[in-house]
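**Q** As annotated in TrEMBL:
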type	residues	note
TRANSMEM	6-25	transmembrane segment
TRANSMEM	46-72	transmembrane segment
TRANSMEM	78-97	transmembrane segment
């Protein structure tokens, strides 16, 4: 029988998975416009345009892949760690742009991801679960 903590964890994990998955999937069809916009946004920062462009081209695929893994509960711990790394990179860029409201939102995502990692023992409704 699935307990309330396991149901709550599944709900939180699935919602984060949907968020990441759709962040990626909605950007892929308009990848060039997305990348061009990101490069333009970061022109005045210390980041080289080539690095920003490479990141912008990879980000939607990373978001979609990570989101799918989190949604399904497939290698959840690794997927959540990857999500945390992506959030760290996004936070770095947002801080370079001095967009502190966006940085606060990204910190909320980071806290959400950290909570899911901390509570992973409740990850019962998943395609693949780690056995400790």
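For all residues, glycine too, the Cβ spot is worked out from N, Cα and C.
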**Q** Report, as numbers and ranges, which residues of the same chain sit near the transmembrane segment (46-72): CB under 8 Å and 6 or more residues beyond its ends.
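**A** Those are 13-14, 16-25, 27-28, 31, 34-35, 38-39, 78-80, 82-83, 86, 89, 93, 96, 126-127, in sequence order.
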**Q** Residues sitting near the transmembrane segment (6-25): Cβ under 8 Å, six or more positions beyond its termini, same chain?
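**A** For the transmembrane segment (6-25), the sequence-distant neighbours (Cβ-Cβ under 8 Å, at least 6 residues beyond its ends) are 59-73, 76, 83, 112-113, 115-116, 119-120, 122-126.
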